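Participant: TrEMBL feature annotations, pasted as is:
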ACT_SITE  A:H245  active site
ACT_SITE  A:H321  active site, proton acceptor
BINDING   A:K317, A:D747, A:G792  ATP binding site
BINDING   A:E319  Mg(2+) 1 binding site
BINDING   A:R342, A:Q478, A:E549, A:S550, A:Q551, A:S795  substrate binding site
BINDING   A:D343, A:D506  Mg(2+) 2 binding site
DOMAIN    A:189-249  domain 'Phosphoribosylformylglycinamidine synthase linker'
DOMAIN    A:301-425  domain 'PurM-like N-terminal'
DOMAIN    A:442-592  domain 'PurM-like C-terminal'
DOMAIN    A:835-973  domain 'PurM-like C-terminal'
Amino acid sequence: MQTAKHVQIVLKDSMRDVAGLHVQSDAKKFLHIDTGKVKTGKIYSIVHPMPDDILLAFARNSLCDCIIHDLYIDRLFTSERFPAYILISKLPGVTDDEGVSAQKAMCDFLNIPFDYGAHVIFTHEIYYFENPLNDERLKTIAEELLGNPLVNRFEYGKFSGQVTYIPEVHLESQPQVQTIDIFVSDEELQKISRERLLALDLHEMQAIQAYYQNQLVQAAREKHGISQLPTDCEIEVIAQTWSEHCKHKEFNATITYKDLDNGAQKTIHSLFKTYIRRSTEIIRERYEKAGHNWLLKIFSDNAGVVRVDDQRVFVWKVETHNSPSALDPYGGALTGIVGVNRDPMGTGVGGASLLFNTDVLCFGPPDYQGKLLPGQLHPRRIMTGVVKGIEDGGNKSGIPTVNGSVVFDERYRGKPLVFCGTGGVMPAYVDGKPSWEKRIDPGDRIIMAGGRVGKDGIHGATFSSQEIDEHSPRSAVQIGSPITQKNLADFMQVAVARGLIKSSTDNGAGGLSSSIGELATIPKGAFVQLANIPLKYAGLQPWEIFVSESQERMTLVVEPQKVETLFALAEDFEVELSDIGYFTDSGFLDVRYGEQKVAYLDLIFLHDGVPTKRMEAEWKKPKLSEPIIKESLDYNDVLLKLLGSLNICSRETIIRRYDHEVKGKSIVKPLMGQNGYAPQDAAVLRLDFDSYVGIAISNGILPRYGDIDPYQMAAGSFDEAVRGIIAVGGRLPDPQTDPDIFWSVNDNFCVPDSLYHPQNNPDGKLKLAKLVQMNEALFDMATFFNIPMTSGKDSMKNDFIKEGVKISVPPTILFSMVAKIPDVRKTITTDFKHEGDLIYQVGHTYDELGASEFYHLFGELGANVPRVRKEQALRIYRKMMEAIEQQLLSSAHDCSDGGLAVALAECAFGGNLGALVELPDFDLSLNALLFAESHSRFVVSVAPQNQPAFEKIMGDDAFLIGQVSGRQKLEIDHQNKTVLALDVQAMLDAWRSGLVF
Amino acid sequence: MSKMRVLVVTGFGINCEVEMAAAYRLAGAEADIVHLNEVFKERVSIHDYQVLNFPGGFSFGDDLGSAKVLSNKFKFKKMASGRHFIDDLARFLQDGKFIIGVCNGFQALVKMGLLPNIGGNFEQEVTLTHNDSGKFEDRWVTCGVHPQNRTPFLKGIEKIDLPVRHGEGKLIIRDAQIERAILEQNLNCLTYLGPDGQPTADYPYNPNGSELNCAGLTDPSGRVFGLMPHPEAYLSIYNHPAWPRKKEQNGGSEQGEGLQLFKNMVDYFSNH
């Protein structure tokens, strides 16, 4: 090990240590530990040799801000005033962006070139505590508040003033290729799959065995000079390519579906093809018939593509990153968001200009009091870590986070759901050719761009069988590096604009094996030289290099004559490129490490050889009934409780941590109105600075409803997303009347394990039946509204299992929608604007309190879940479009969680105004009138002079229910009695204090 | 007369360059967005421009403190011919030209000593550090403009609504002497205002707890101007969170208040 110099900066005593204050208050609030005053500091361990005077100058100028910091070198800060400390270091191989930045600063200071391959500055955080805490308490603070044992190393006790630990990576192994004997019995095959963590079942292992036993294959392998038995790399590549993540085996399975209530039975050959892809194909046919088609790319490539106009296309993708976020919430979410950024960046030619992020999160309640299983993080920690990850991922990349949602449910405490989406714009044509198409010819070079390769994200086959010492790199958890990717994104945009890149794709799951494996299907072959790939540290095996999921990497397809120019451009952007091979038409994926032959796989077998899965689904309707809840409640109290409840309260504490303004194009932001309190139903962005063409972005997610009816849950989620866009002034797509209005939807399914197993998953058939119904709803809604899925994702095993306890997420579907807005100036916000405006309920309320937030308040589920009435919804939405087109509305807000009462309160939050409301007699209980969550409804306000025109358009679908008042009070009357009267401020206080962290 | 030309630098995590350039183009100037390495390799010269812009962003991920690594580069890294960038900046200012830094750009100007630069020797006199809240925050604030401010950017503006989006916007002044000089020379050109229109230290109107409630500074010459809020994010009335009402109050005008700063600069150059 090299000797290190340690530079420490700590805030001067006169400075307010905000980080320390937060630790002090969080330790008290969440861990019930009184730390006393907390002092924080940062330590840089530098292994680059420098004379003492130079080191001092570097530390003083480049690391320390001398107005606020004290500086210590080697003899670090200690004080009797702080008898306890915690030192937090990173484990070997864990991303240390700050260390890299310090290294860049050092190179600038010394005027020496930066070496991507040398890690010479390591950062640590140090916390000093005023109270003499024992080791057990320090350990608790370290592990449960400040760091995560999966990525951090902790020291605690009394600080000696010395740091000795440096997380350098040392690996001793020599790169070599091993073979795996798969000419063995079925039991042995399953053992191989299990021990190497291949996640392949027996049928799949047998298919692999059959391939290698095929005489033609054997002859080809002999000619190539590679072993008859599969190499380790080949097995890993097949496992990656055939993974659920890449091949969606369950969404492509043959499913036998039985309805136990009526005995009906049907067979579904692939949920994906039958419902999802087919629905979009039907819609596309309708558009083509009408002579228009803005659907350019669906369900292929990294993201779907639709046409905005002649000049540009819109591209977007929503992904999930659930399991990594359960292990390390910060790293998981950060990697999720910067990871999904690369999907639009790697679609078609690539280099899309990224316009926005959206994040939908499902957590357990942050105030959860129950027991935690080993390895299970507290929901509050998961939430704060995920939010911080998204904050850094979006803000540091300069991409506004404009839309999102947070859902709380006990069942997400095993595994949170973290949906991350990114949309961008590309020029329609690059070099005169369609930008959304991937063109690759034999001879084109394969260029890897961005970060280096380490053991990150490798599933750990070797990990579990290898002894871990203090210099083994940690690979299970990845932490993204937004700054590395920002440089890469900037570079790609310019390189694509200059015509230097022919196609590109990202390196996500499966790393190079997936990205090159997929690209190779276009020219029908590829040759890869693994020895050319730059590594984070020496000692990786060839197969590890090929499947590593190290982040911030793109694979670029470059014509040979353009390679030199591209490399020069990359140098300007400080992006590392490596030329790692070329495409062929050999039909094979040919991978070498130097002279060693690492893999030689038939591409047809690799991509089409996976056997179809067979699964069983059985549906039985749950037996449920409506509870009896009296109608003489204290409705003031009920509404305040609802407003403060986790699923309804303001998300301001989260929203404001995300930059939603960067790029200067946000028109309807998550919070609007005079004081910035009013929540909105969808985000609106303009696309450029000299026109008012824009897009609206919304989402729909209603997992609670699935406990009663999974079909209505999915249909309702779809409706929720549509009405969000209608509420802000969007227009439905229509092949006849609005041929240029594109809609582009990502569907994301996150479900528990739905594969039946008599012991491990006895209700697997019912879970699968729910999934089938969710797909049926998707098909029905999409084809009815002509709103197409363009991309999506399924995550099939969202269960947490430890010590015989299984916590499964409720079957969840998220619809993320984007629609073109012809003129953003005509969009509408939710806040009441003028005293005297008339308030209408648009749409119809039914006796539908099932799974409502109102019932949840009483611990009830009920039975009457809101149903989507498609025809009625379409009629109402068209009327809303007409009213907005004629600019008759002052405000519009959708009715969703908490029903009409909550919607009215939220409309009042934006503008120092109140409302006087007289509930209509709909022959419904007062509870339903106020709190039913029936779909396709809005609260709108209309200036009195627009009353006749508005009522003429709406006919029987709108009900005058009141007037905006100058008094800051919401008063609701029913049958000549005041049933609710609350000050807006009181409601606002309740609503804004529901989620403070 | 030829159009005013401005340079907007980018790279290393700067991320507001496009809207910054758009601001000048809408105001009638020519704007080039250039990667800083093009400047360091001396393929592009700042001296070909009248205004040099350091936009917002997260240069180097805010590692080591906001804009710390960037300002370090400006001070110490040698350009292709061996000069230091900061010396080029000095010459640029001597030529009577202007520099503006927004958010991360402001942090860079402060940390390389261009603001407030009372001593005139580019020594760091103030800093911008973590908000009192300890959090990054995106919110709109109202700023008052010092009537005796020295920058043409703020000409004719008394009060302005703008978004802030930062985690490190709290101004800390090195000592009482510097503070006195800032006040005496009217360098604190922008101040966070409360709902009553008075300067305030109260959160969230003052989003970070800045000393002097200060949101922006100029140097004594008025040629260097830095501010935490983002004028380039308010080019259109439709950027404001209360735009429907704001538009009614403004008699239907669609111009954002932030655009005026850039128009002012174009006017300044057409009159000089």
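A Cβ is built for glycine as well, from the same backbone N, Cα and C atoms used for every other residue.
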Participant: For the domain 'PurM-like N-terminal' (A:301-425), what are the DSSP-based totals of helix, strand and coil residues?
Facilitator: 43 helix, 41 strand, 41 coil
Participant: On a C-alpha basis, identify the one among A:E319, A:R342, A:Q478, A:E549 that is nearest to A:D506 (Mg(2+) 2 binding site); the candidates are the binding-site residues.
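Facilitator: Nearest candidate: A:R342.
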Participant: Averaging the per-residue pLDDT over the domain 'PurM-like C-terminal' (A:835-973), what integer do you get?
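Facilitator: That stretch averages a pLDDT of 96.
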Participant: Please name which of the recorded positions listed here, A:H321, A:Q478, A:S795, is nearest in space to A:D747 (ATP binding site), Cα against Cα.
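Facilitator: Nearest in space to A:D747 (ATP binding site), counting only the recorded positions, is A:S795.
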Participant: So, three-state DSSP: helix, strand or coil for A:S795 (substrate binding site)?
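Facilitator: Looking at the DSSP assignment, A:S795 (substrate binding site) belongs to a strand.
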Participant: Restricting to the recorded positions A:H245, A:S550, A:G792, A:S795, which ones have a CA within 10 Å of the CA of the residue listed as 'Mg(2+) 1 binding site'?
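Facilitator: Candidates kept after distance check: A:G792, A:S795.
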Participant: For A:H245 (active site), what is the secondary structure state per DSSP, taken as helix, strand or coil?
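Facilitator: In the DSSP reduction, A:H245 (active site) maps to helix.
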Participant: At a 10 A cut-off on CB-CB distances, which of the binding-site residues A:Q478, A:S550, A:Q551 has the highest count?
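Facilitator: Counting Cβ neighbours within 10 Å, the top one is A:Q551.
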Participant: Checking the binding-site residues A:K317, A:Q478, A:S795, which are within 10 Å of A:D343 (Mg(2+) 2 binding site) at the Cα level?
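Facilitator: Checking each Cα against A:D343 (Mg(2+) 2 binding site), the hits are A:K317.
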Participant: ATP site residues A:K317, A:D747, A:G792: biggest Cα-Cα distance, Å?
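Facilitator: Comparing all Cα pairs, the maximum is 9 Å.
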Participant: Excluding A:K317, A:D747, A:G792, which residues of the same chain place their Cβ within 8 Å of the centroid of the Cβ atoms of the recorded ATP site?
Facilitator: A:G304, A:V318, A:V745, A:N746, A:N748, A:M789, A:T790, A:S791, A:K793, A:S816
Participant: Please determine which of the recorded positions listed here (A:H245, A:K317, A:H321, A:R342) has the lowest count of neighbouring CB atoms within 10 Å.
Facilitator: A:H245
Participant: Rounded to a whole angstrom, what is the C-alpha distance between A:S795 (substrate binding site) and the residue listed as 'active site'?
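Facilitator: Computed Cα spacing between A:S795 (substrate binding site) and the residue listed as 'active site' is 8 Å.
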Participant: Near A:G792 (ATP binding site), which residues of its chain come within a Cβ-Cβ distance under 8 Å, counting only those 6 or more away in sequence?
Facilitator: A:I276, A:F299, A:V318, A:V745, A:N746, A:D747, A:N748, A:F749
Participant: Which residues does A:E549 (substrate binding site) neighbour through Cβ under 8 Å, counting only same-chain ones at least six apart?
Facilitator: A:D456, A:G457, A:I458, A:Q478, A:N507, A:G508, A:A509, A:G510, A:G511
Participant: Just counting, how many other CB atoms are there within 10 A of the CB of A:S795 (substrate binding site)?
Facilitator: 22
Participant: Can you give me the Cα-Cα distance between A:H245 (active site) and the residue listed as 'active site, proton acceptor' in Å, rounded to a whole number?
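Facilitator: With the alpha carbons as reference points, the distance is 11 Å.
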Participant: Would you mind sorting out which of A:R342, A:S550, A:Q551 (the binding-site residues) have a C-alpha within 10 A of the one on A:H321 (active site, proton acceptor)?
Facilitator: none
Participant: With helix taken as DSSP H, G or I, strand as E or B and everything else coil, how many residues of the domain 'PurM-like C-terminal' (A:835-973) land in each class?
Facilitator: 51 helix, 34 strand, 54 coil
Participant: If you measure A:K317 (ATP binding site) to A:R342 (substrate binding site) at Cα, how many Å is it?
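Facilitator: Per the Cα atoms, A:K317 (ATP binding site) and A:R342 (substrate binding site) stand 9 Å apart.
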